(Lines of atoms letter the chains of each structure in order from A; the text may use other names.)
(Lines give C-alpha, C1' and ligand atoms only; values in the text may rest on other atoms or scores of the structure.)
Protein backbone atom coordinates (compact mmCIF):
# COMPACT_ATOMS: atom_id res chain seq x y z
CA UNK A 1 0.00 0.00 0.00
CA UNK A 2 2.75 2.43 0.95
CA UNK A 3 4.92 1.41 -1.98
CA UNK A 4 2.14 2.01 -4.48
CA UNK A 5 1.36 5.40 -2.93
CA UNK A 6 4.97 6.53 -3.06
CA UNK A 7 5.30 5.11 -6.55
CA UNK A 8 2.32 7.07 -7.82
CA UNK A 9 3.63 10.21 -6.04
CA UNK A 10 7.08 9.93 -7.65
CA UNK A 11 5.52 9.07 -11.00
CA UNK A 12 3.24 12.12 -10.88
CA UNK A 13 6.11 14.34 -9.72
CA UNK A 14 8.03 13.38 -12.85
CA UNK A 15 5.03 14.32 -15.00
CA UNK A 16 3.59 10.86 -15.51
CA UNK A 17 -0.06 9.91 -15.30
CA UNK A 18 -1.29 13.48 -15.73
CA UNK A 19 -2.95 12.76 -19.06
CA UNK A 20 -1.88 16.14 -20.40
CA UNK A 21 1.38 15.15 -22.07
CA UNK A 22 2.16 11.70 -23.38
CA UNK A 23 5.86 12.52 -23.69
CA UNK A 24 6.14 13.32 -19.96
CA UNK A 25 4.41 10.05 -19.09
CA UNK A 26 6.81 8.11 -21.31
CA UNK A 27 9.77 9.94 -19.76
CA UNK A 28 8.54 9.16 -16.24
CA UNK A 29 8.12 5.48 -17.14
CA UNK A 30 11.67 5.38 -18.50
CA UNK A 31 13.24 7.11 -15.48
CA UNK A 32 11.44 4.77 -13.06
CA UNK A 33 12.31 1.69 -15.16
CA UNK A 34 8.66 0.89 -15.75
CA UNK A 35 9.48 0.95 -19.45
CA UNK A 36 12.52 -1.31 -19.16
CA UNK A 37 13.23 -1.46 -22.89
CA UNK A 38 13.30 2.35 -23.15
CA UNK A 39 15.52 2.65 -20.05
CA UNK A 40 17.93 0.04 -21.40
CA UNK A 41 18.05 1.74 -24.81
CA UNK A 42 18.76 5.11 -23.15
CA UNK A 43 21.47 3.62 -20.93
CA UNK A 44 23.18 1.68 -23.72
CA UNK A 45 22.99 4.50 -26.26
CA UNK A 46 24.32 7.12 -23.82
CA UNK A 47 27.12 4.78 -22.77
CA UNK A 48 27.99 4.13 -26.41
CA UNK A 49 28.03 7.84 -27.26
CA UNK A 50 30.14 8.64 -24.21
CA UNK A 51 32.65 5.91 -25.02
CA UNK A 52 32.73 6.88 -28.71
CA UNK A 53 33.36 10.59 -28.15
CA UNK A 54 35.21 10.58 -24.83
CA UNK A 55 37.36 7.44 -24.94
CA UNK A 56 37.70 6.68 -28.64
CA UNK A 57 38.34 10.34 -29.43
CA UNK A 58 35.79 10.55 -32.23
CA UNK A 59 34.65 14.03 -33.26
CA UNK A 60 30.96 14.82 -32.86
CA UNK A 61 30.66 16.95 -36.00
CA UNK A 62 32.33 14.36 -38.23
CA UNK A 63 30.23 11.59 -36.67
CA UNK A 64 26.95 13.41 -37.36
CA UNK A 65 28.08 14.26 -40.89
CA UNK A 66 29.05 10.65 -41.65
CA UNK A 67 25.80 9.28 -40.24
CA UNK A 68 23.73 11.76 -42.27
CA UNK A 69 25.78 11.02 -45.39
CA UNK A 70 25.23 7.28 -44.95
CA UNK A 71 21.51 7.80 -44.31
CA UNK A 72 21.07 10.00 -47.39
CA UNK A 73 22.95 7.49 -49.57
CA UNK A 74 20.84 4.58 -48.29
CA UNK A 75 17.59 6.47 -48.88
CA UNK A 76 18.67 7.50 -52.38
CA UNK A 77 19.68 3.97 -53.38
CA UNK A 78 16.53 2.55 -51.82
CA UNK A 79 14.30 4.98 -53.74
CA UNK A 80 16.23 4.39 -56.98
CA UNK A 81 16.02 0.61 -56.71
CA UNK A 82 12.35 0.82 -55.70
CA UNK A 83 11.47 2.68 -58.90
CA UNK A 84 13.36 0.12 -60.99
CA UNK A 85 12.04 -2.99 -59.25
CA UNK A 86 8.51 -1.71 -58.61
CA UNK A 87 9.05 -1.82 -54.86
CA UNK A 88 7.54 0.55 -52.28
CA UNK A 89 9.43 3.75 -51.57
CA UNK A 90 11.30 4.18 -48.27
CA UNK A 91 8.94 5.11 -45.41
CA UNK A 92 10.21 8.63 -44.81
CA UNK A 93 8.01 10.37 -42.18
CA UNK A 94 6.58 13.83 -42.58
CA UNK A 95 9.44 15.90 -41.18
CA UNK A 96 7.46 18.69 -39.57
CA UNK A 97 7.32 19.80 -35.96
CA UNK A 98 3.70 19.68 -34.76
CA UNK A 99 2.28 22.98 -33.57
CA UNK A 100 1.11 21.42 -30.29
CA UNK A 101 4.60 20.16 -29.53
CA UNK A 102 6.08 23.61 -30.24
CA UNK A 103 3.50 25.25 -27.95
CA UNK A 104 4.23 22.80 -25.12
CA UNK A 105 7.97 23.36 -25.53
CA UNK A 106 7.46 27.12 -25.44
CA UNK A 107 5.30 26.78 -22.32
CA UNK A 108 8.01 24.70 -20.63
CA UNK A 109 10.67 27.28 -21.49
CA UNK A 110 8.39 30.05 -20.21
CA UNK A 111 7.90 28.24 -16.89
CA UNK A 112 11.66 27.79 -16.56
CA UNK A 113 12.38 31.46 -17.29
CA UNK A 114 9.72 32.59 -14.81
CA UNK A 115 11.20 30.30 -12.15
CA UNK A 116 14.66 31.76 -12.70
CA UNK A 117 13.25 35.29 -12.49
CA UNK A 118 11.38 34.44 -9.27
CA UNK A 119 14.60 33.10 -7.74
CA UNK A 120 16.41 36.29 -8.74
CA UNK A 121 13.58 38.33 -7.21
CA UNK A 122 13.79 36.38 -3.94
CA UNK A 123 17.51 37.11 -3.72
CA UNK A 124 17.60 40.75 -4.80
CA UNK A 125 14.25 42.14 -3.66
CA UNK A 126 13.06 39.87 -0.83
CA UNK A 127 16.66 39.22 0.30
CA UNK A 128 15.88 35.62 1.21
CA UNK A 129 19.05 34.16 2.81
CA UNK A 130 17.89 30.54 2.36
CA UNK A 131 17.42 31.03 -1.37
CA UNK A 132 20.79 32.79 -1.55
CA UNK A 133 22.49 29.82 0.13
CA UNK A 134 20.74 27.37 -2.18
CA UNK A 135 21.68 29.22 -5.36
CA UNK A 136 25.24 29.82 -4.17
CA UNK A 137 25.72 26.15 -3.34
CA UNK A 138 24.32 25.00 -6.70
CA UNK A 139 26.47 27.45 -8.67
CA UNK A 140 29.57 26.55 -6.66
CA UNK A 141 28.90 22.83 -7.20
CA UNK A 142 28.48 23.34 -10.96
CA UNK A 143 31.67 25.39 -11.11
CA UNK A 144 33.61 22.82 -9.10
CA UNK A 145 32.35 19.89 -11.15
CA UNK A 146 33.10 21.79 -14.36
CA UNK A 147 36.77 22.04 -13.36
CA UNK A 148 36.98 18.27 -12.88
CA UNK A 149 35.16 16.86 -15.91
CA UNK A 150 34.11 18.04 -19.34
CA UNK A 151 30.57 18.70 -20.51
CA UNK A 152 30.07 15.37 -22.29
CA UNK A 153 30.99 13.36 -19.21
CA UNK A 154 28.76 15.63 -17.13
CA UNK A 155 25.79 14.95 -19.43
CA UNK A 156 26.51 11.21 -19.19
CA UNK A 157 26.61 11.40 -15.39
CA UNK A 158 23.30 13.32 -15.38
CA UNK A 159 21.72 10.57 -17.49
CA UNK A 160 23.02 7.89 -15.12
CA UNK A 161 21.72 9.79 -12.10
CA UNK A 162 18.37 10.31 -13.80
CA UNK A 163 18.06 6.56 -14.31
CA UNK A 164 19.06 5.72 -10.73
CA UNK A 165 17.97 8.47 -8.30
CA UNK A 166 14.20 8.34 -9.02
CA UNK A 167 14.18 4.58 -8.51
CA UNK A 168 16.13 4.86 -5.25
CA UNK A 169 13.83 7.64 -4.02
CA UNK A 170 10.80 5.59 -4.96
CA UNK A 171 11.97 2.68 -2.81
CA UNK A 172 13.31 4.65 0.18
CA UNK A 173 11.10 7.74 0.09
CA UNK A 174 10.32 7.88 3.82
CA UNK A 175 13.96 7.59 4.94
CA UNK A 176 15.14 10.17 2.38
CA UNK A 177 12.37 12.60 3.36
CA UNK A 178 13.38 12.31 7.03
CA UNK A 179 17.00 13.10 6.20
CA UNK A 180 16.01 16.03 3.98
CA UNK A 181 13.74 17.45 6.67
CA UNK A 182 16.48 17.30 9.29
CA UNK A 183 18.96 18.89 6.86
CA UNK A 184 16.45 21.64 6.04
CA UNK A 185 16.02 22.40 9.74
CA UNK A 186 19.78 22.74 10.17
CA UNK A 187 19.99 25.13 7.19
CA UNK A 188 17.12 27.21 8.56
CA UNK A 189 18.79 27.47 11.95
CA UNK A 190 22.01 28.63 10.30
CA UNK A 191 20.20 31.15 8.10
CA UNK A 192 18.40 32.66 11.09
CA UNK A 193 21.75 33.54 12.62
CA UNK A 194 22.74 35.52 9.51
CA UNK A 195 21.93 39.20 10.04
CA UNK A 196 19.58 40.67 7.45
CA UNK A 197 20.19 44.32 6.62
CA UNK A 198 17.16 46.53 7.18
CA UNK A 199 16.76 49.50 4.89
CA UNK A 200 16.12 52.73 6.78
CA UNK A 201 14.39 55.58 5.05
CA UNK A 202 16.10 58.91 5.49
CA UNK A 203 13.89 61.70 6.52
CA UNK A 204 14.56 65.08 5.06
CA UNK A 205 13.08 68.18 6.55
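Glycine residues also receive a Cβ, built from the backbone N, Cα and C atoms like all the rest.
Range 137-163 is the one annotated as transmembrane segment, of 110-136, 137-163 (source: TrEMBL). As stated in TrEMBL, the feature transmembrane segment covers range 31-53 out of the listed 8-30, 31-53.
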